[in-house]
Ligand SMILES: *[C@@H]1O[C@H](CO)[C@@H](O)[C@H](O)[C@H]1NC(C)=O
Ligand SMILES: *[C@@H]1O[C@H](CO)[C@@H](O)[C@H](O)[C@H]1NC(C)=O
Ligand SMILES: *[C@@H]1O[C@H](CO)[C@@H](O)[C@H](O)[C@H]1NC(C)=O
Ligand SMILES: *[C@@H]1O[C@H](CO)[C@@H](O)[C@H](O)[C@H]1NC(C)=O
Ligand SMILES: *[C@@H]1O[C@H](CO)[C@@H](O)[C@H](O)[C@H]1NC(C)=O
Ligand SMILES: *[C@@H]1O[C@H](CO)[C@@H](O)[C@H](O)[C@H]1NC(C)=O
């Protein structure tokens, strides 16, 4: 019996504890405000929501970081046009602050006026939007060898923005510096450059990324303009010029500002009379080479930073009677420009005088000769066939073309006659064409 009573007592105790817990949740102890921290970009709208799960019509209040009451229930307390009531029920008090500024940042308090008063605190974080970046330190135009420091500055970000440099889309590392000014940050990134001719036309972009710029970014681009002394290369249309051939030389000057026009000279003097060579701007053309054209041709280009030249040594070889391999000796000379010349330029200047740059020439004479030979041969064959035909049908059809066979007693003699008379065959060709 004693054991049974003890068990019953224990059962009551457990039930009691459980009941007490259930009451605590639904009763006065569950009556507390719930709020959430918020992050808003400056200029945006912040909604401050305070909820009470179980409320017996006790009043709710929102107050700002300076402890000023904003709303007490549905009653506006602070005269600020940016602050409006969104919703006021016994279970919720939501207000909105529009055109949020950095000064609005801070701890906001929701109070539930039970006895004692219960409060909940929500921190409003305001993000500062970085200004469009500015690039400084660039002068235009730059000269080769100039040393410059480009700086990119963006202010107004909070937290500090990320600033990156790109040289023609490819990221390069800059030196970053962050300064706080008030609540926001000024971020600066510097880039030291030693300018050369390859920087001419290169775009430097400064890009700013920030949490307040969702799915986008701010950027500014500057394009470098570099002036440099010219260097020159001469391109030629054929590698080994022969007498009677067509040859075109092209002078290609590189420089900024562009060195135009160019000056052609031969062996340190004037070019020969214009019926030997045709000069058209940068191009020098020989319609038909002659050995008297031998010599060193020089092209000179000048801009305000300097003068440079290239030379081409023309050696006209005999036209081939037998097909003997001939060699040309174009003489690449290094530019005597005043600016520094790196190895890349040197390479292009030297290779510029070789075949890869060869210009297209007129059609080969050997090819034309071949075609003529074929036509002549075909003509001869036709004459032979016609001769044989006419030999069998004497006097029936007498044509001009059959003359070779006309006075031949038979077909074989006709072949010999036709073959031996080359000039005659040439004439025939014209009839057929
Ligand atoms: C704030 O509340 C208003 C009104 O209920 C709503 O239109 C707006 O989308 C809310 N803004 C945010 C950021 O929650
Ligand atoms: C709250 O107040 C409203 C009207 O003022 C009343 O209808 C409602 O019964 C009250 N609720 C509680 C839990 O006191
Ligand atoms: C809200 O912000 C405050 C201050 O930044 C912080 O101490 C607190 O832990 C945050 N609360 C929540 C729920 O994130
Ligand atoms: C940051 O502060 C340092 C020292 O006060 C100053 O020298 C520098 O110019 C400032 N930089 C910027 C980007 O304001
Ligand atoms: C080359 O020039 C000389 C003298 O002007 C001339 O006699 C000769 O016929 C020319 N040769 C050719 C292949 O044109
Ligand atoms: C031109 O050069 C060729 C090849 O070296 C030489 O045979 C010829 O005599 C030269 N003619 C003149 C006029 O210098």
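Glycine too: its Cβ is placed from the backbone N, Cα and C atoms.
Annotation source TrEMBL lists signal peptide at 1-30.
Summarised as a single figure, the pLDDT of the domain 'Ig-like' (33-112) averages 95. Residues or ranges marked as domain 'Ig-like' in TrEMBL: 33-112 (among others).
Taken from TrEMBL, the feature domain 'Ig-like' applies to 133-222 (among others). For the domain 'Ig-like' (133-222), DSSP puts the residue distribution at 3 helix, 56 strand, 31 coil.
Across the domain 'Ig-like' (230-315), DSSP assigns 3 helix, 49 strand, 34 coil. Annotation comment: TrEMBL describes 230-315 (among others) as domain 'Ig-like'.
What TrEMBL records for 319-358 is region 'Disordered'.
TrEMBL lists 319-331 with the feature compositional bias 'Low complexity'.
As annotated by TrEMBL, transmembrane segment applies to 366-386.
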